[in-house]
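**Student:** Quick one: the structure is below, and I'll ask about it shortly.
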Amino acid sequence: MTLSSALSTAVSGLTAQSLALSTISKNIANASTTAYKTSVTDFQTLLTDSTGGASGGGVTASSIQSMGQQGQIATSATDTNVAIDGSGFFVVAGSATASASDFVYTRDGSFAKDSNGNLVNDAGYYLEGFPTDPSGAIITSNSSDLSNLTPINLSNIGGTAKATTQINMSANLPANAAIGDTFTTSTTIIDSLGVSHTIGQSWNKTAANAWTLTLADPTLTSNPAVTSGTLSPNTVSVTFDTSGVLASTNPTPVALAITGLSTGAAASAITLNLGSAGKTDGITQFSSTSSATGIENPTFTQDGALYGQLTGVTIDTKGLVTASFDNGVKLPVYQIPLATFANPNGLTAVTGSVYSQNQAAGNVSLRLPGDSSAGTLQASALEGSTTDIAGEFNRMIVAQQAYSAASQVVTTVKSMFDTLTQAVR
């Protein structure tokens with residue numbers, strides 16, 4: 001190796017260690033950055049061809065971000081903060097109107113609702129997701145297409161009501177009632193618009209251990225004088241065994257239909273559950289335990305809900321965003337997907353802890369959280385930086401010593417050049 005080669009080799013060492021120190025500095029600066037992935041410096045030997053074969057020509061270095069490292073997950077006070085436990089990325093956009101070609105990817109799940117209701121992280125990127133139907137199923141038929149994603153917006157979620165689909169009734173009919181005795185009670189149901197209606201019930205004893213339940217057309221609970229729809233069937237036959245336990249109902253099941261609702265609500269299909277045959281979990285017929293006559297302890301439950309306002313959202317481990325309302329209704333509204341890449345280390349880093357897809361990373365694949373190759377989500381949590389301060393200081397000392405040694409080589413080569421120059425003179 002000539003003096004010129006030695007000098008070039010030493011200079012390459014200085015350059016490589018400068019990059020190493022820059023990488024260390026970046027890691028330390030981002031020790032508190034959400035979901036930051038530590039970069040490492042990769043050194044490779046440079047060889048030059050010579051008559052006697054290849055000889056050392058110096059060193060080259062490059063900085064590589066270790067995307068496969070999992071940061072520690074810590075709890076957060078914000079419900080919409082989300083951490084990824086796995087290898088996936090959130091799909092985000094720089095604006096609410098961005099197209100699929102402008103999507104980028106991040107691990108930073110510091111999402112919170114902005115003034116327009118969008119979920120935006122601390123770097124200003126909008127979280128993308130798939131709208132779902134009330135059952136939680138993704139509405140689009142192609143959940144692998146980025147163009148079907150939309151910004152998750154919580155302001156688009158209005159109040160909601162839940163129509164009654166089932167009524168459960170429990171009560172005791174007096175076994176000592178005379179044939180022909182009639183007792184009344186009533187229950188309420190909710191239509192699809194959240195309006196309450198009252199259905200009157202009349203229990204008539206027709207024979208020993210036999211009753212007929214007559215159901216009246218519904219009326220507005222707020223104005224009982226107004227009939228608000230048509231109910232069918234209107235009668236139900238109920239029999240008990242000699243022990244006072246429910247024996248049968250006709251029809252079975254008791255399927256009620258309410259049509260022509262004056263509120264403009266959709267027709268209601270309701271199952272009236274009077275209990276199980278052979279059990280005492282609904283209607284019974286025992287002797288009255290009190291001096292009062294009539295139906296004892298009538299209890300009704302129904303699954304409808306009046307109109308309610310949005311109170312918040314929850315995100316489960318599989319990325320399903322569910323809206324909660326003050327009437328107790330919970331409604332799935334969005335599905336958060338995760339993006340995966342064949343070589344995530346090949347992604348191009350962009351300001352704001354986001355990455356853009358390129359040829360080195362491979363094509364993006366959309367997967368649902370819970371897929372083993374994507375990971376799961378943890379709500380009310382954030383992923384921490386993978387920077388190890390102690391390790392970075394150790395690498396800093398090594399880089400400093402290597403830089404000092406390379407600079408000493410430069411000084412020595414300069415001295416040898418000076419000696420050679422003086423000898424020539």
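Every residue, even glycine, has its Cβ placed from backbone N, Cα and C.
The shown structure was predicted, so the numbers you read here are calculated from the model rather than taken from an experiment.
As annotated by TrEMBL, domain 'Flagellar basal body rod protein N-terminal' applies to 7-37. Annotated domain 'Flagellar hook protein FlgE/F/G-like D1' per TrEMBL: 83-138, in sequence order. The domain 'Flagellar hook protein FlgE D2' annotation in TrEMBL covers 181-294. According to TrEMBL, the domain 'Flagellar basal-body/hook protein C-terminal' annotation covers 379-422.
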**Student:** What does DSSP give as the helix, strand and coil breakdown of the domain 'Flagellar hook protein FlgE D2' (181-294)?
**Tutor:** 0 helix, 65 strand, 49 coil
**Student:** Which sequence-distant residues neighbour the domain 'Flagellar basal body rod protein N-terminal' (7-37)? Criterion: at least 6 residues beyond either end, Cβ under 8 Å.
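**Tutor:** For the domain 'Flagellar basal body rod protein N-terminal' (7-37), the sequence-distant neighbours (Cβ-Cβ under 8 Å, at least 6 residues beyond its ends) are 1, 43, 46, 56-63, 65-67, 69, 71, 83-84, 106-110, 122, 353, 382-387, 389, 392, 395-396, 399-400, 402-403, 405-407, 409-410, 413.
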**Student:** Residue list, the domain 'Flagellar basal-body/hook protein C-terminal' (379-422) vs rest of chain: Cβ under 8 Å, 6 or more residues beyond ends.
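**Tutor:** Same-chain contacts beyond the flanks: 3, 6-7, 9-11, 13-14, 17-18, 20-21, 24, 27-28, 30-38, 66, 69-84, 107-110, 314-316.
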**Student:** Give the residue counts of the domain 'Flagellar hook protein FlgE/F/G-like D1' (83-138) per reduced DSSP state, in the order helix, strand, coil.
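**Tutor:** Breakdown, helix to coil: 3 helix, 24 strand, 29 coil.
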